[in-house]
Amino acid sequence: MDREKRRLSGVLSSLSLFCVILDLQLDGLLAANHAEIEGHLEMGRKLLAAGQLAEALSHYHAAVDGDPNNYLTYYKRAAVYLAMGKFRSALPDLSRAIQLKPDFLAARLQRGNILLKQGDVQEAREDFLSVLQSSPTNEEAQNQLERLKEVESSMGGASEAYERRDYYGAIALLEKVIEFSPWDPSARELRAECYLLVGELSNAVQDLKPTTKLRNDNRAAFLKLSKLYYSMGEHGESLSHVRECLKLDQDDKDCFSHYKQVKKLSRQLDMAEEFIQEQRYEDAIEKYEASIKTEPRVEEYSRRAKERICHCLSKSQRTEEAISVCTEAHERDPQNPLILRDRAEAYILNEEYEKAVEDFQQAKELDGENEEMKEGLERAQKLLKQSKKRDYYKILGVKRNANKQEVIKAYRKLAQQWHPDNFQS
């Protein structure tokens, strides 16, 4: 019996010693873990101050993993997300910080601010009211509530203006909404629609662009942007945006259908420009004529094609055709100095110097800084002046741009024709 007691006493002593050792080890581990977390927080703070946001974020991730119940760590990580422009990622961290510490007013204010910027006015109101309940004199919460009311009022007024087709009125009201809620896609989408209805396509594009990031999987916005760019004659931008739609879903039927059309037209236009660079003007004309058949409805592409065909014909010295096509292109786009330049060159080749001077003069007025227009005008004026003197080119029956061999050949022909031996009685 005594021996059994001694054995039991020894076991208990060993257990006590083990517990003491284990407790000491746990204390050491906890201390080490705490030191490691503090190290991550300190590094995160320094990197954030230095603007190295991605590196700072990795340290805050480690700190959160090490202590998932520290409200302040979540708040600090949310600050990094906001600095990176990732407001969607910041919201869960702020909500977790509030869950861990419901009276954490700074987190509530920050979350309310984000929600207001997103246009989530009801949720934002709840956060601001909660702050004022704990701190009735909080000036930021009071100011944000006033902004929130203005957003609600302006958004409601804009919707009513849109319904009664007062699009400019809606645009004016939405300006204030977007000022206070810049991350609200619905406000930008409504204003873009208003801009479209009043024919301000560029402004519509500027409003739609941010919505591709403000909404997840926003294929509709990418497709709409692609079609807008297409209608404006910007086929490269159109192709880029419809490809973004297909990256989100390669089986999207609407995007794929539009992609095929844009791809075909873009290829024709790009190849035409490559041919011009290579001075393959006939091939370029063929591609531009094909592009008109591919897209006959959008005036911008037809206008551009006619301008470039005019250029190619002028460069190819097909003067009569060049003058005809350039005249048609000028009627479509009377403020385009390049068309006037190309027609002027064709007039020079056709020895219609007065008309060439007129075109270069008008082109110079439209683009006064362009040295090519100045040089062309001086050249045309010089040729016009020369044409009023005795014109030996005309006597020889050759054009002024005839080469040396052509001049010699014409001279010999006339010399033979008018040789004295031919007139002996």
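Even glycines carry a Cβ here, placed using N, Cα and C.
The signal peptide annotation in TrEMBL covers 1-31.
Residue counts of the repeat 'TPR' (37-70) by helix, strand and coil are 27 helix, 0 strand, 7 coil (DSSP-based). The annotation repeat 'TPR' is assigned in TrEMBL to 37-70 (among others).
The feature repeat 'TPR' is assigned by TrEMBL to 71-104 (among others). With a cut-off of 8 Å between Cβ atoms, the residues of this chain six or more beyond the repeat 'TPR' (71-104) that come close are 37, 41, 44-45, 48, 53-54, 56-57, 60-61, 63-64, 110-111, 114-115, 117-118, 134, 183.
In the predicted model, residues of the repeat 'TPR' (105-138) average a pLDDT of 96. If you look up TrEMBL, you'll see 105-138 (among others) marked as repeat 'TPR'.
Per DSSP, the secondary structure of the repeat 'TPR' (219-252) breaks down as 27 helix, 0 strand, 7 coil. What TrEMBL lists as repeat 'TPR' is 219-252 (among others).
Residues 307, 310-311, 313-315, 317, 319-320, 322-323, 326-327, 329-330, 376-377, 379-381, 383-384, 387, 399-401 of the same chain, all 6+ positions outside the repeat 'TPR' (337-370), place their C-beta atoms under 8 angstroms from a C-beta of that stretch. Among the features that TrEMBL reports, repeat 'TPR' is placed at 337-370 (among others).
The coiled coil feature in TrEMBL is assigned to 363-390.
The domain 'J' annotation in TrEMBL covers 391-425.
Proximity of distant same-chain residues to the repeat 'TPR' (105-138), defined by a Cβ-Cβ separation under 8 Å and at least 6 residues beyond the stretch ends, is recorded for 71, 75, 78, 82, 87, 90-91, 94-95, 97-98, 144-145, 147-148, 151-152, 155, 177, 180-187.
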